[in-house]
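Colleague: Feature list, courtesy of TrEMBL:
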- 49-111: region 'Disordered' (REGION)
- 64-82: compositional bias 'Low complexity' (COMPBIAS)
- 92-106: compositional bias 'Low complexity' (COMPBIAS)
- 120-220: domain 'BTB' (DOMAIN)
- 251-272: transmembrane segment (TRANSMEM)
- 301-322: transmembrane segment (TRANSMEM)
- 334-355: transmembrane segment (TRANSMEM)
- 417-438: transmembrane segment (TRANSMEM)
- 478-499: transmembrane segment (TRANSMEM)
- 540-592: region 'Disordered' (REGION)
- 577-592: compositional bias 'Low complexity' (COMPBIAS)
């Protein structure tokens, strides 16, 4: 039977029209679903404009289309509840419409389950690497960048329906695991320390997470140092206690270091024979003896320089004591105790000078009698007092990071140092006893007793070897060889631990200085959408050009100042800044 060509053509024409009609309806349906999903994901208020149908009994507007707005009851319960002001009058329009309109409308949405929004997946693009997670995972930390809808919406790309961050990709594995694990933060091995610290600050994980990260990396949390409440005391305290606080504080620190070095130099220089003072002393058998004069003269140049240094030390100590926030804890600091000990010998020496000046006015006989009775004791006391002046060198540790690191190393290695001394004590007892009995039959033996051999054992085990005492017999030399080998092993065992502690404190100090000197102001955001609280975005259709969106993304167009039909600002007097109950409201209108 021949085919009717007109019938075939009509059939093809109808099929093409049906296919085109079906494709158009499918595209409109997909657009509607995408916008509804976008509205539900970002906690926004969707505005639907259903097509005109004969079964819809709503009110007609304009060209005959029926406007229907979703009420707050039809939104997901997990979304933030917005007030009447934020809904822009949608609740009032809903109340004015008949109740039958909601139930009879085929476009009415049933209430969504409570966990629907938080179970929804979120796509995060980090420099081209895509990650997927759930909203409830991010909302465990609402104060962070990813957990707060107000902050993360700035990085949303509506064209790809994802967040985009131009950040370090390996670091985001640990950042996302922080949300998934409920607060565990571990730095990846292939990520540098400073880079991961920048990522923590960028994603705003908080001070608790950052401090925990520093502790895990070996940085001990520094105690917060209190400051005086009064402004004048605070300035003086910062000026003398913290040299890095200002330029004037650095100048004062330099002056203090120069005075300390000058004082130590004078302390060493005055012991030269050319600068010593002697006096004649009459003994009880009518003989004259020349002895060193331990009491300085007030006209001596060294005494004048020493007085000037002590004046500065005393002034510095008094100012710091008067300006300190806690007087009780002031002298609990070791450095402050060293400062006090460094100036006490001068005042004792000054009292001795005054007493010596008064004593010279008495008769010579009485002076000589008293001097003969107390000369030895007085000289010993004065020498000990003058020896205490050497502790001024520890004042340099206040201005030297190296000395502070050495002090922390010794403090952290007290257990190893104790073991070293204990091993040396055992070796000294063992080998001094052995060498004494090994050299007992030798006529030229240097070891008269076991306590005399202690010195030889210590010198041999520490590999010093002065040579003043040595074994002369065969068995004594064998004991001496074993003592030297045992000493090398005893000292070598704890030394690597002490060196490791020093390296730890040294690198921790240098890394901390680098992290404090870094400026994180270059960590800026490149927002896709403005995240201003209280601003509602209204997009009438998808007709907005891609070039406009790209200009907004690149920052060439300021959405706050450029008038656009898609950006409508509304007042929000009832809005409260709450991360759990507030979000940016976006009104999305769809034509289906």
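The backbone N, Cα and C atoms fix where each Cβ goes, and this holds for glycine too.
In TrEMBL, annotation is done automatically, which means it is predicted and not curated.
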Colleague: By Cβ distance under 8 Å, which residues at least 6 away from the ends of the transmembrane segment (251-272) in the same chain are close to it?
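Modeller: Distal contacts: 239-240, 243, 302, 305-306, 309, 312-313, 316, 389-390, 392-393, 395-396, 398-399.
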Colleague: For the transmembrane segment (417-438) and the transmembrane segment (334-355), check the count of CB pairs under 8 Å (sequence separation 6 or more) and say whether it reaches 3 or more.
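Modeller: Output no: the transmembrane segment (417-438) is apart from the transmembrane segment (334-355).
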Colleague: Over the domain 'BTB' (120-220), work out the mean pLDDT and round it to an integer.
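Modeller: For the domain 'BTB' (120-220), the model's average pLDDT rounds to 89.
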Colleague: What is the three-state DSSP composition of the domain 'BTB' (120-220), stated as helix, strand and coil residue counts?
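Modeller: Per DSSP, the residues of the domain 'BTB' (120-220) fall into 44 helix, 18 strand, 39 coil.
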Colleague: Which sequence positions outside the transmembrane segment (334-355), separated from its termini by at least 6 residues, show Cβ-Cβ distances below 8 Å to it?
Modeller: 295-298, 306-307, 310, 313-314, 316-317, 320, 382, 385-386, 388-389, 391-392, 394-395, 397-398
